[in-house]
Amino acid sequence: MEALIPVINKLQDVFNTVGADIIQLPQIVVVGTQSSGKSSVLESLVGRDLLPRGTGIVTRRPLILQLVHVSQEDKRKTTGEENGVEAEEWGKFLHTKNKLYTDFDEIRQEIENETERISGNNKGVSPEPIHLKIFSPNVVNLTLVDLPGMTKVPVGDQPKDIELQIRELILRFISNPNSIILAVTAANTDMATSEALKISREVDPDGRRTLAVITKLDLMDAGTDAMDVLMGRVIPVKLGIIGVVNRSQLDINNKKSVTDSIRDEYAFLQKKYPSLANRNGTKYLARTLNRLLMHHIRDCLPELKTRINVLAAQYQSLLNSYGEPVDDKSATLLQLITKFATEYCNTIEGTAKYIETSELCGGARICYIFHETFGRTLESVDPLGGLNTIDILTAIRNATGPRPALFVPEVSFELLVKRQIKRLEEPSLRCVELVHEEMQRIIQHCSNYSTQELLRFPKLHDAIVEVVTCLLRKRLPVTNEMVHNLVAIELAYINTKHPDFADACGLMNNNIEEQRRNRLARELPSAVSRDKSSKVPSALAPASQEPSPAASAEADGKLIQDSRRETKNVASGGGGVGDGVQEPTTGNWRGMLKTSKAEELLAEEKSKPIPIMPASPQKGHAVNLLDVPVPVARKLSAREQRDCEVIERLIKSYFLIVRKNIQDSVPKAVMHFLVNHVKDTLQSELVGQLYKSSLLDDLLTESEDMAQRRKEAADMLKALQGASQIIAEIRETHLW
């Protein structure tokens, strides 16, 4: 047991440097009602008169008292400074820094002064603790907490809810699972009414860390004793019940020493409780508390060891990120540049050490831009967006010039499809911009997660960011130009012989043929019946032949009628061809879109002159040929509908081919001219711009507080390693 005292003391000192909030050691918390003898028990354990005593409420602030065992031979006690003190026992307050107290009357007075400074001088209570450490060869290594006694009625400056405030204060200390509760109860009160045991059971229902102390054994009524209570027959306590005899107020007034009090206590126990004398008393209480503390520490060692290891790993990682002081600046600069370039490329490739889990980044995000954002944007572009029937008809008529069109002009198709292809340029350039932005974000990602060493050198970090940003900025116009050229290439030559386009035209031809057959099935019988009704016995030719010029000249009013029909056709926008004539619409696609024989027969039938009576003067109207034709809302003729349908299908077919090409070629161009180029030239660009002897000192200048943070991390790591070593020593002792 004695061998463990210096080890436990070292452990306590080490964790005092770490901080009690980081690692909480087991401590003894004294609770009880007001004037039950809590402070007297503490004084007996310390062996000195150091706590304020009196009637009523005396302890008005929590007192954290740490007892530190020192050897008898060590007469000169120092604090690590030049000044020391020649004494066997001394105390030190946390709020007075390094000031030492050898007179325990001064310690008691300082406690009173510090209490009044915070709590006032009229029985006020404060939750702010007083920290006191006592060094003595007469104590074992214990940490004790003296708390204000529980009360019911407020007095002096105490608030109305003083009972609730003190209760919450006590619960805050005893709720710590690493604490041992010392429940103090006066022997001259009923054990069943003990407030200390009641509040202890609230946080420790199993009684695994509660020790009962019975005070004032010498003040019981004549003829009674505490034998049943001390034996645990009234209320059993798992850790035991220990009786003690405190000094009375008369003994204190007479300056009776603690040593004399302990001697008289032993004599009293031998006389009144001879069978229990060796298991009661202040000395036995001290040994029991020490044993409980040791076992409690043993139970907490695994958790303490784990927490120390976690903290040590954190501070080791932090210290590594701070790095060692730079000796070879040239090698350090080259190493940092190379590491950044490698991490940047690895982030793009997806092999980086630190992989983001909350969102896509690096190469994965670039892939998403190519195949999701850019792909969906292109697919959302309507092949016929911005075109209507009037636009198509106008383009067809403008492409024919002054000549009537026999076929749909190919130039009208090219004009319209180029207009649609041009719409693919804007989303393509936007794709380049998104990839450029993502490569900018990769710079920050590498700085924050991958190469934390750069945080040591803020100027180097800024310089690297500037060089990479400039490199990306230089590649942006080149990439945009290439993407622009890809669209321009598609606009430069409309390849109507493209295999996919020919296949589409073949499918379209089959569809149109089917529609024509359906239309012919409806119109051919009516044309034949009309031909039979218009025959003259011997004057007209067969219906299958065209009328001769002589026959046309003989028809009454034919010239006037033809002129009127032409005029009417021009005014109605028929393109110089009669509405009823079904002309082939192949233009330069004759081999793709063919006219059936049946349709040619129907065209011949419709081209035959139909005798018409001379126009009535009252129904005629004048036509001004100098007027500019204006669009007229009307129903499209069959030919116009067919021409628009053909152009729309051809535009859609060719647009889909071009869109597929753009969707495939733009990501390739971006990868070659931007992404891969930056990957290949990044390190050489960084070395060329930054690896210069004139820039070494400036770039490798650490931030002002880096040295201080490195020292603090090293000190904390050393303290944690010392604590880990002490725990290992405790485990190796025979006690465990």
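Backbone N, Cα and C define each Cβ position, glycine as well.
What Swiss-Prot says about this one:
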- Met1: N-acetylmethionine (MOD_RES)
- 245-248: region 'G5 motif' (REGION)
- 502-569: region 'B domain' (REGION)
- 555-568: compositional bias 'Basic and acidic residues' (COMPBIAS)
- Thr585: O-linked glycosylation site (CARBOHYD)
- Thr586: O-linked glycosylation site (CARBOHYD)
- Lys597: N6-acetyllysine (MOD_RES)
- Cys644: S-nitrosocysteine (MOD_RES)
Subject >> the residue listed as 'S-nitrosocysteine' CB neighbourhood, other CB atoms within 10 A >> reply: 20
Original post:
Helix, strand or coil at Cys644 (S-nitrosocysteine), per DSSP?
Top reply: helix
Original post:
Taking every residue in the region 'B domain' (502-569), what is their average pLDDT?
Top reply: 51
